[in-house]
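K.L.:
Among the features that TrEMBL reports, transmembrane segment is placed at 31-52, 72-92, 99-118, 124-149, 161-179, 213-238, 259-281, 301-325, 346-365.
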Amino acid sequence: MGNIVKNKTWLVTQKTRIFFRSNEFKNKMNVVKASLCAILVGFLLSFIIIGINGSNPFLFFQYVFKLAFHPLLQNTTLTYWAIYIVAGLAVAVGFKAGLFNIGIPGQMLLAGSMSIVLGLKNPAISQGAGVVGAIAISILVGAGLAAIAGVLKAFFNIHEVVSTIMLNWIVWYVMKWMFMDLKNGLWNANNNSSIDITTAAPNFNLAINEQTWIIPMIIAVILLVGVIFMMNYTVLGFRIKAVGKSKTASLYAGTNIKAYTIASMAISGGIAGILGMIYYMTESTVIQFSTDALPVIGFDAIAVALVAFTNAVSIVPIALLWAIIKTAAMQATQLPQFQMSKEMGQLIFGLIIYMTAISAVFIYFKPILWFRRWLNIQKNPEFKAEDQTYQKEIKNNKLKIKAINKEYRLKLRELKQAKDKEAIVTLREKTNEKLTTLVGQNTTLKISRKFFVDTKYKAAANLGKRRIKTQYNKAIFSSIGLAMDQYVQFKNQYYLKKNEVSIFKQKHAKKMRELKGKMREEIKALRKAYKKDYLVEQTLLQSSYANLLSRHSDEIINLKEQNYHLFDEIQQKYGDNYQQFILEEKKATKTIEEQIKALKKQQKLEVVAFKQNYKVKRQELSKKLWKARKANQHDEELKRQISKIVETAMAEIANAQIHYLEELIVLKNSNRANQKNYAQEYNANVTLIINAVKEDNVILRQELLRKKSQYHNKTLKGGK
């Protein structure tokens, strides 16, 4: 047992090591680095602004995080956390499909409005029925509105950003008209808003023991799990991601791009609908129409999704950060310790959002690599001298460009005073030519310098201690890779032996399906045999119609060819008299056209007669087929043949079943007896692999130490 645990531990360790060195992990870490850098830069800028304002930025953010989880604000923070999770998911689904659904505000507004209408029109509704009804209405309304933009994109190639922005404002003004119409009974004139849902329908809410965050968080978690499952484990998710990455490749792969474009927009809109329902039933139980402004949450959702790089799991911590800042930043500005304006909280939040919106820039931010390259050049005098040569040439070219521009401005002023337009044009052309040459030289020098620095850095990796370490790491992971290949091979062999019984059952089931399928095909062929004559006659009829049309076409072509000589005769006879030539040519053309018209009329009569005859023959064939079908149903010989096929097939199936049961019993007994042996053999093989890798590691480690010692001695001798 201890050996098995050791083997499994070793395998998990090696898989983890391989994963941490994989490109997939490195790419994910780049994304994480970009998000963290963006957030940190946003906080840094906020620190500077707070410091300029005369307050302690560290103390300010300390209070922000404390206030967010204070008993008075904790419920709001957790509710906004759920709201931002749902908001981020709504945008992320669209991004995965390569679509920018900026219509989240309109979709959530429409869904939230419909939820409020449901509560106001049914004040006695129970909480359970209200929540279920609101979710259903919100999904339908949000998905329907987003699907409109999807249809416009799929069928008319109207950009989704344009269509969704237009739809946002259409929804806003339609909702404004609907709520402000006094006939509907939804308007509160005193507050210039819709009637508060909490007073009109006390049971229509998402609160459990006065905690409004529990139901939204449950909904958010369900949606999170659903989106992760859909995107990673379903055909729908795979197709959506494929369309987002390359529409052309998806099209060649047979994907219906239009359908998946509409579907992804509808899913995004459905999630946005749920977002609207949660938001307007918890944090904003009225809709304010005093100013024309869409819900800001819909736009914040874009930042959440961008910082998380549309990764559903990453949305969770980003949403929490947004919720904390949203809830507590403005509250903290009003504390006596700071005495800042309310707008300062919005400014801080805006700065962080702005920096996170450009978080993709930080993927290319690699200060450690840049420092290593710089250090590699500075350590070597030859490299440093060559690098300085590049820099001097670039600097000289910049000075030349500056001098040319200065000279150009002076000459241009003189020429303008002299009003010499030709000289001005010539001066501009010559100056542009000089500047283009110098800029091109500078670009070439910069590329050459970058190539030089990169080449020397890569070369340095193959020298000295770094080369020894690199070779050691490559050898270690090569050894582990070979070991894992052997492990997979042994594991497959073990599972094949372990699952012999189930594999045998699957083979037998496949054989049974083949036998039954063969029987059905033979019976089907017998029952359809009577149709052969009918199909032959029908084919002959169809081919005769095709032959008739082909003959008619040939007749018209032949008629035209027979009259070609007329034009040659006219050419020879009236070649010198152009007007007479045109007149005779028109007469000949008219004669031929009349002949063709008469021929087509005759052909049309033939076609009509043929179709009538064809119709009669089809009716006769149908009657024959019907009689043959009836006769076939009562054909005793056919029934005997079918019975014989069934008997033969069933006998074969029964015989195969007997052999199967006999072999199954033997195999089960053998497999049961050998299960321990299989497991022991598998574990023994894994142990051998582990021991071999350990031996390789020892040898490679000794080789590493030996090479390091040699390098150290060589360095000391060189120093002396």
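Using N, Cα and C of the backbone, Cβ positions are placed for all residues, glycine too.
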K.L.:
Against which stretches of its own chain does the transmembrane segment (99-118) lie, if we need a Cβ under 8 Å and a gap of at least six residues from its ends?
P.N.:
87, 90-91, 93, 125, 130, 133-134, 137-139, 141-142, 145-146, 149-150, 153, 160-161, 163-165, 167-172, 175, 178-179, 186, 194, 197, 204, 244, 261, 264-265, 268-269, 272-277, 279-281, 284-285, 287, 294-299, 301-302
K.L.:
Tell me, please, if the transmembrane segment (124-149) and the transmembrane segment (72-92) are in contact, taking contact as 3+ Cβ pairs under 8 Å between residues separated by 6 or more positions?
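P.N.:
No, since the transmembrane segment (124-149) and the transmembrane segment (72-92) share fewer than 3 Cβ pairs closer than 8 Å, they do not count as touching.
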K.L.:
Is the count of Cβ pairs under 8 Å between the transmembrane segment (301-325) and the transmembrane segment (31-52), pairs 6 or more apart in sequence, 3 or more?
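P.N.:
Judged by the Cβ rule, the two regions touch, with the required three close pairs present.
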K.L.:
Per the 3+ Cβ pairs under 8 Å rule, pairs at least 6 apart in sequence, do the transmembrane segment (259-281) and the transmembrane segment (213-238) touch?
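P.N.:
Contact criterion met.
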K.L.:
Under a Cβ pair cut-off of under 8 Å, which of the recorded stretches 31-52, 72-92, 161-179, 213-238 contacts the transmembrane segment (346-365) most often?
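P.N.:
Looking only at 31-52, 72-92, 161-179, 213-238, the most contacts with the transmembrane segment (346-365) come from 31-52.
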K.L.:
Under an 8 Å Cβ to Cβ limit, what residues of the same chain, 6 or more beyond the ends of the transmembrane segment (161-179), are close to it?
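P.N.:
Same-chain residues near the transmembrane segment (161-179) but 6 or more away: 100-103, 105-107, 109-110, 113, 145-146, 148-149, 152-153, 186-187, 194, 287, 289, 292, 294.
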K.L.:
Excluding the flanking five residues on each side, which residues at least 6 beyond the ends of the transmembrane segment (31-52) place their CB within less than 8 Å of a CB in that stretch?
P.N.:
58, 60-61, 307-309, 311, 314, 318, 321, 340, 344, 347-348, 351-356, 358-363, 365
